[in-house]
Amino acid sequence: MGSKTPDGHRQSPDASNSSELKPASPNPKPSQNGSQSADLDRGVVGEDDDDDDENEEVGVITTNAEKKKKRKKSKKKNKKSKSGAAPATQQTTPPRVPLSTLFPSGYPVGELVPYENTARTTDEESQYNSRLWDEDLLTDYRQAAEIHRQVRQYAQAELIKPGASLQSIAEGIEDGVRALCGHQGLDTGDALKAGMGFPTGLCLNNIAAHWTPNPGGKDVILEKSDVLKVDFGVHINGRIVDSAFTVAFDHTYDNLLTAVKEATNTGIMVHVFLDDLVGSEVMESYEVDLAGKTIPVKAIRNITGHDILRYNIHGGKQIPFIKNNNPDKMEEGEVFAIETFGSTGKGVLDDDIGIYGYGRNANVPGSHLRLASAKSLLKTIDANFGSLVFCRRYLERLGVKSYHLGMKNLIDNGIVESYAPLVDVKGSYTAQFEHTILLHSGGKEVISRGEDY
C-alpha cells in the first residue's frame, strides 16, 4: 500500500517488540496464534438516524491368533477414520485449509539476498539488533507471507479474468486470507489477531493506488483491455506483509509491467541508504507502443515505499525510488515495503473523488467527542481494527449501520484519516509491483517473494 508524498498518507508509528527476544532462526517453529455510502465517498452526508497401530513394534514375534486380533483392531480404526475428515495435505480451491494445518513444522523462509551494512555498528548495537527478531515474530511474518502467496496464486488462476467484477475479486481474496489465517474477524477483536492488513486495492488503468469496491458504488467489471493493480496485505498478530502485482491481458502493456517489476527488484537490492535507490533509471529505459505512438514509461514520483510497524502499514520512513537526498537508512530490525509505480501518463498522482478506506490516528484521543454515533463508531473501530486500515465493506460486514454521520465527525476531529484514490491523467496506464523485506541477523529476507514475481 503506497505512501503518497508530501501528505504522507501514513499512520503514526506505534511499534512494539516482544519482551523476550532471541536471535533470529532460519526455521522457527510455527506460532500457535495463528446511495448514502456513495454520498460519504463524496463527502456529502444526508439525513442519518445515527442518534501407525498402538501395539505395532519392530522385532516382536506374534502368534496367528494375535495377528488376527490386530487385524480386527486395525479394521475398526480404518472404519472410524473413514467417517471423519482426512487430514489435508494440500490447499483447496478456493483456499480454505488453515496454513497451520499445511505447515505443522514451520513456514517457508523468504528469499535471502546479500545485505551489506556499511554503517559503523558497535558490538553493543550488533548484539541488540540480533535480538530484535524472536522466533514467534519471524514465524508470524513467514506465515503471513505464505498466506499471501497462496491466495494470490488462487486469485491469478481463478478470480482475475475478463468479465469478473472487482467486488467478486476483492471478496474472493479476502475470504481466502481469513480462511487461511483461521480468523474470520466477525467476533469483537478477532480481526486484530490475524486477517487483512488493509483493504484489497484493485486499481484500473490510470488509478494507481487506493481503490477498493465499497457499498453504494457501481459494480466495476474487469475488461480485457484493462491494466489491474492488485495490492493486499496479510497480518498475523499485527505483523503485516504488504505485496502487490499488476495484471494485463493485452501484451501491449508487457513493457510497462516489466519496467516496474525490474525497478522494484532493483530497489530490493539497495543496501543501506535510501538515496541509493535508482529504480527510476531502470524503469524509464522502457517504452510502450500505444495506438501507434511510442510512449516512455515514467516513474511516478509522489508515491513511495515505506517502513512497516506493528499494526501500522505506514511507519515513519518513506522509500522513494527516484534519485534523492534522503538521509534515512535501512537498519537491522526493520521491515520495509519496497514498491515502485510506473505510468504512461505524467508520472504524478492526484487525489480522486471517493474514499478508499480509513485509518485511526492513534495520537488523537476521542474523549472530547459529543456525538453519540461518533463515540459508538470509534469504540467499534478501536475494538476491531485498532490502527489497521479498514473500509466501509469491513464495517458493514460487522453489521454496523448508520455510521455515515459518525464517520464524518471522526474525520472532522482528526481522529480518523480518510484515504482517497490516487490517479494519473485519464487515458494513461499505471503499474505497480511490491515486496516486503525483513532486515534481521540472518540477512535481508524478501519475505513475500514467490514464483510469480
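Note: Cβ is positioned from N, Cα and C throughout, glycine not excepted.
Features of the protein shown, as given by Swiss-Prot:
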- His210, His314: substrate binding site (BINDING)
- Asp231, Asp242, Glu434: divalent metal cation 1 binding site (BINDING)
- Asp242, His306, Glu339, Glu434: divalent metal cation 2 binding site (BINDING)
- 1-12: compositional bias 'Basic and acidic residues' (COMPBIAS)
- 46-57: compositional bias 'Acidic residues' (COMPBIAS)
- 67-82: compositional bias 'Basic residues' (COMPBIAS)
- 1-101: region 'Disordered' (REGION)
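Distance from the CA of Asp242 (divalent metal cation 1 binding site) to the CA of His306 (divalent metal cation 2 binding site) is 10 Å. Shown in sequence order, Met1, Gly2, Gly201, Phe232, Gly233, Ser243, Ala244, Ala337, Glu339, Gln432, His435, Thr436 are the same-chain residues outside Asp231, Asp242, Glu434 whose Cβ sits within 8 Å of the Cβ centre of the divalent metal cation 1 site.
In this structure, the CA atom of His314 (substrate binding site) is 13 Å away from the CA atom of Glu339 (divalent metal cation 2 binding site).
For Asp231 (divalent metal cation 1 binding site), the Cβ neighbour count at a 10 Å cut-off comes to 27, with all displayed protein chains included. For Asp242 (divalent metal cation 1 binding site), the same-chain residues that are 6 or more apart in sequence and have a Cβ closer than 8 Å to its Cβ are Met1, Gly197, Phe198, Asp231, Gly233, Ile308, Ile313, Ala337, Glu339, Glu434, Thr436, Ser448. Across the binding-site residues listed here (Glu339, Glu434), the residue whose Cβ sits among the most other Cβ atoms within 10 Å is Glu339. In sequence order, Met1, Gly2, Ser3, Asp231, Ser243, Ala244, Gly305, Ile308, Phe336, Ala337, Ile338, His435, Thr436 are the same-chain residues whose CB sits within 8 A of the CB centroid of Asp242, His306, Glu339, Glu434, the residues recorded for divalent metal cation 2 being left out. In the three-state DSSP reading, His210 (substrate binding site) counts as coil.
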